[in-house]
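Per Swiss-Prot, the features are as follows:
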type	residues	note
DOMAIN	100-256	domain 'Helicase ATP-binding'
BINDING	113, 114, 115, 116, 117, 118, 119, 120	ATP binding site
MOTIF	206-209	motif 'DEAH box'
């Protein structure tokens, strides 16, 4: 640990790294406080900050030669087969590690790799290359099984822990597996942190963007007070401020042959309202809607919009245009609504629900990976990050209020490289609830812009369902619908 005065040059470097965000660190008294330039306190500067050779320091960091925490179960014939770009990442990592060892820098690297790149399998290859006992830390139980499958395939001795850390510590008294896969809340236990700091050399923080290390979290404290010998941050959407804890970044652009299309399903709706809707509308401008909870609740009961989503999905699925569908909502009740309606139409052999409250969901996810046709309905919380169904070819986004990081993670669910190249996303920018009409349009436009500008999707207007609408629609309504489409197209 390095306790340093917050001199101007150090403060300026930290501020630049975090893109001007507020910086919070542990001071010499152990308090987690906002850093001010010229403060009389000394601050605990994270070990990973010095992993970049751009940071000047006279500090010397210990190397792997000082430990003997080696994996005993490596079989070179079990090493995973990598694609050329994945091999390039491994080559970059090994090259950077050599330089870090030569310069006596901490062996900390952020792997900033696109959604669908194959970060898990690439990291498993690196684990076998290093041959060091490893901790894999995930933000939630749902990612445990994804890692377990890959570690098993590599043939490494391992253990997963999703229950209490106290029972795990008892087991570790008699056994010390080569790879330990845990949820991040285990790091709230100091005894566990001390144990892995002593007996494990490599620490892998999966989905590192889900942790805000400018907050006083268990992961923040672990990295500050029990820094591992080697560390990887894995993410497709890194937080700038987290660089303070892992300051060497490898980012290799992913060239793809995928044909990615985002369809904008426009439709004119007559205003729709109920007593329930009117009551929720009253809360839109209040503190209870700070995170747009009521905005999403209104979307969940917007019957005309929900019917449009169902009609579009049914039409596309029946035509065979799409075959392995992910339907995403923000709220659980919205998910259950779509699941029940689709279950009535297609049956339990085709329609599945990704419910975080059901312990059997991970096993169900495994079972549908080999199916040729299925519809998987889930929430942004469960499936937005880390869902491992590589064969997905289409995504229906039923919610609207999603931040940029979540959008990129969500779209990544349908951007995994497979033999089939077509990928399709459907968004619905209109609502029949007039009080949120423009708000929903703006939120959905953000999804469209990010998908096109950053992720390489081609934007197209979806016309099939609208063209099949009955001709009996009043002339005034048809004219308003046309004007609505023109307005929407001008706003894109």
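Quick reminder: no glycine exception, Cβ is built from N, Cα and C everywhere.
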Packing count at residue 116 (ATP binding site) (other Cβ atoms within 10 Å of its Cβ):
21
Report, as numbers and ranges, which residues of the same chain sit near the motif 'DEAH box' (206-209): CB under 8 Å and 6 or more residues beyond its ends.
110, 119-120, 136-139, 143, 147, 233-239, 242, 246, 385-386, 405
Among the binding-site residues listed here, 113, 114, whose Cβ has the fewest other Cβ atoms inside 10 Å?
114
Please report the three-state DSSP label of residue 117 (ATP binding site).
coil
DSSP-assigned states of the motif 'DEAH box' (206-209) in counts, ordered helix, strand, coil:
2 helix, 0 strand, 2 coil
Mean of pLDDT values spanning the motif 'DEAH box' (206-209):
94
